[in-house]
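I have placed the structure first, in the form of structure tokens, so that the comments after it can refer back to it.
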Amino acid sequence: MHSWFIVLDIFNIVCLTFVILVLFVFLLTITFDKTCHTIPMIHIANSCLATLICASDIYWISVCTLRNDLQQIYNEYLFCIFGGYLTYVTCAVLNYSFLLQAFYRYVIVTYPSNLFWQSQRCQILFAIVAWAYALIFPITFMFNGEIIYNMHNQICQIPLRLSFTMIFVTMSLYVSPLLLTILIYYRLVRYVYRMNKRIIPVNTLSRAQNELKMVRRTVTLLCTVFIIDFPYALFLFISFFTIPPRYHFRIAYVFINVGLACVIIILFQFTEQLRSSVLKIFNLQLGTTTEPNNT
């Protein structure tokens, strides 16, 4: 056993403990603060819930990994396969939750008179569909034996290699929501640019620019997470041509956990309503004048 295994295990547990505690505060705030009962905050709550379940799942994996490393056990631990399945589910929901946020902002600007697409019922339905899709598509991987125990990394995952399964997972979990979110941002930029060329009410243009800024923040969040999680993508790319490093999952999951911490920090910074409500709970005062409420 390498001594740095223990260091990484402890770091993962500490990092995930921070993420889980902060997300509990966020979700409790959104639940009990009536000013947070808006459609944009429903999407934020959906992202927080997905992140919380993902962090809790990886926390369990990290605790089991630490125990096995300390005792030098190389056998599959309890709920290992299910933990691997849940990781794919929650990562998918998290990425698609950002896509739903961008889509909602796009609808507000481009179809302001279509109240059905902007309704709370419709947005909740989209979130339910995203959860259903994320829960269903990895099930086959769990039951057909594609999620397996990796002894060197003490984790149950689909092996990184050139295969239809790995390509499908990559496209479903990461590439599709990222590209669709960027596409929505691009179309919204073009739409607002055309609005600037026309004579329209100032408040309409201001609203469109405001929503564009919120979508830009969502794209920034997604791209930041992608950059932080780049080692996983790099190991995946390497696996298409040769065998990746033996401890690739251990290394990649350190960056994934840091990425989860960055998600909650960026969400807190970008979501004015959430930030104000949390600070109000802890009786803190904003040091500077806050921006107009964009959520």
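Backbone N, Cα and C atoms are what each Cβ position is placed from, and that goes for glycine too.
Nobody curates TrEMBL annotations by hand; they come from automatic prediction.
The model shown is predicted, which means the values in this text are computed figures rather than measured ones.
Feature annotation from TrEMBL assigns domain 'G-protein coupled receptors family 1 profile' to 18-268.
Under 8 Å from some Cβ of the transmembrane segment (6-32) lie the Cβ atoms of residues 41, 44-45, 48-49, 51-52, 55-56, 58-59, 62-63, 65-66, 69-70, 250, 253-254, 257-258, 260-261, 264, 267-268, 274, 277-278, 281, all in the same chain and six or more residues away from its ends. Among the features that TrEMBL reports, transmembrane segment is placed at 6-32 (among others).
What TrEMBL records for 44-62 (among others) is transmembrane segment. Counting only same-chain residues 6+ beyond the ends of the transmembrane segment (44-62), those with a CB under 8 A from a CB of the stretch are 9, 12-13, 16-17, 19-20, 23-24, 26-27, 30-31, 36, 79-80, 83, 86-87, 90-91, 93-94, 97-98, 100-101, 127, 155, 253, 256-257, 260, 263-264, 267, 271, 274, 295.
Summarising the annotation, TrEMBL assigns transmembrane segment to 82-104 (among others).
Annotation source TrEMBL lists transmembrane segment at 124-143 (among others).
As annotated by TrEMBL, transmembrane segment applies to 163-188 (among others). Distant neighbours of the transmembrane segment (163-188): 88, 91-92, 95-96, 98-99, 102-103, 105-106, 109-110, 137-138, 141, 146, 211-212, 215-216, 218-219, 222-223, 226, 233, 236, 239; these residues of the same chain sit at least 6 beyond its ends, with a Cβ under 8 Å from one of its Cβ atoms.
Annotation source TrEMBL lists transmembrane segment at 219-243 (among others). Remote same-chain partners of the transmembrane segment (219-243), defined as residues 6 or more beyond its termini with a Cβ less than 8 Å from a stretch Cβ, comprise 95, 98, 102, 159-162, 166, 170, 174, 177-178, 181-182, 185, 251-252, 255-256, 258-259, 262-263, 266-267, 270.
Residues 5, 8, 11-12, 15-16, 18-19, 22-23, 26, 44, 47-48, 51, 54-55, 58, 62, 94, 150, 153-155, 157, 214, 217, 220-221, 224-225, 228-232, 235, 278 of the same chain, all 6+ positions outside the transmembrane segment (249-270), place their C-beta atoms under 8 angstroms from a C-beta of that stretch. Residues or ranges marked as transmembrane segment by TrEMBL: 249-270 (among others).
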